[in-house]
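The following features are taken from TrEMBL:
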REGION    1-25  region 'Disordered'
DOMAIN    53-175  domain 'Multidrug resistance protein MdtA-like barrel-sandwich hybrid'
DOMAIN    186-258  domain 'CusB-like beta-barrel'
DOMAIN    266-332  domain 'YknX-like C-terminal permuted SH3-like'
REGION    333-352  region 'Disordered'
Amino acid sequence: MMTLSGVAACSRSDAEPAKRTAPAGASVEVAEVRTGAVERRWSAVGSLKANESVIVRPEIAGRISRIGFEEGQRVNRGVALFELDDSVFLAEVARAQANLVLSGSNAKRSKELFERGLISAADRDSVRAAQELDEASLRLARAQAAKTVLVAPFAGNAGLRGAAVGDYVNPGQDLVVLEDLDRVKLEFRLPELAMPDIEVGQSVEVNLDAYPGETFKAQLYALDSRVADDTRSIGARALLDNPDGRLRPGMFARVNLVVSRKENALLIPEQALLARGGKSFVYTIDQGKAVETEVQLGQRQPGQVEILKGLSAGQVIVTSGLQRIGNGAAVKTAPKAQDAARESAKPPAAAS
């Protein structure tokens, strides 16, 4: 009886697992492998600079008698920005002119006397040298007087001035910044590895924090002649048109230099990737089970990666919950994930 009872008990114990429900698969989110364009690009950050920029400074000391511009306004080339009191300098010009008249008369008289044999050649030459010295003094006085007027060397936008009428200024003192903003320069640096991909004339995409959501076009026009020893990078400059004057020197810029574009590339979300032993894998789904699949990667772009080998368009891959599954594990896709996978496979709606 005890033996039979034991057998019966064993029979019931063996039968119980057959009545239990098979364990449900791990819940995961999925997406379909899709096709799209992928770009190979170099990215950098930089700053905007004026196309031309100059700090207006006097070469001589003097008191400002007139200011010929409004702060922040555009001025034309040759406009007198500042005028210094020129009374002393004009007096120097008048004195130099008078001295030259006198030395000129002396030179004429000495020539006549020399021709008559009344003075020596040395005396004649001495008088002639005095005349030449007075001529040089007049040129110097006129040059000094001309420096009392500070003109705009090119057309541009004047900044905020650092002096007022009546102020006494010294040589080299900053008075105002003048900048040509019809076009602006973009200065940035690229790693030396980018050098085979870049050349003068290429188009550059520029995004500015000041204007979120807008992309500006620039053209690369110059590369530095050397690579920096400390950063192993090369300086680059591009030009942007600025017809409406919105772009200002000093703005922070994000730079993208597209060097190639590939259409119909296979793309998957970057979070679907697994890395192990220097190789990359994804989980595909086959008959409700996860299948670990090795893939070969191509270009990366924000949130996506190109697949060169291992997948085909339309395959379903796991994008979330990878840590809960393994190769051959039963999986259950969340309803939202299934809907999202179907939506990702649809072509974008035509713009109305």
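Yeah, the Cβs are placed from backbone N, Cα and C, and that goes for glycine too.
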Tally of residues which DSSP labels helix, strand or coil - the domain 'YknX-like C-terminal permuted SH3-like' (266-332): 6 helix, 42 strand, 19 coil
Mean of pLDDT values spanning the domain 'Multidrug resistance protein MdtA-like barrel-sandwich hybrid' (53-175): 95
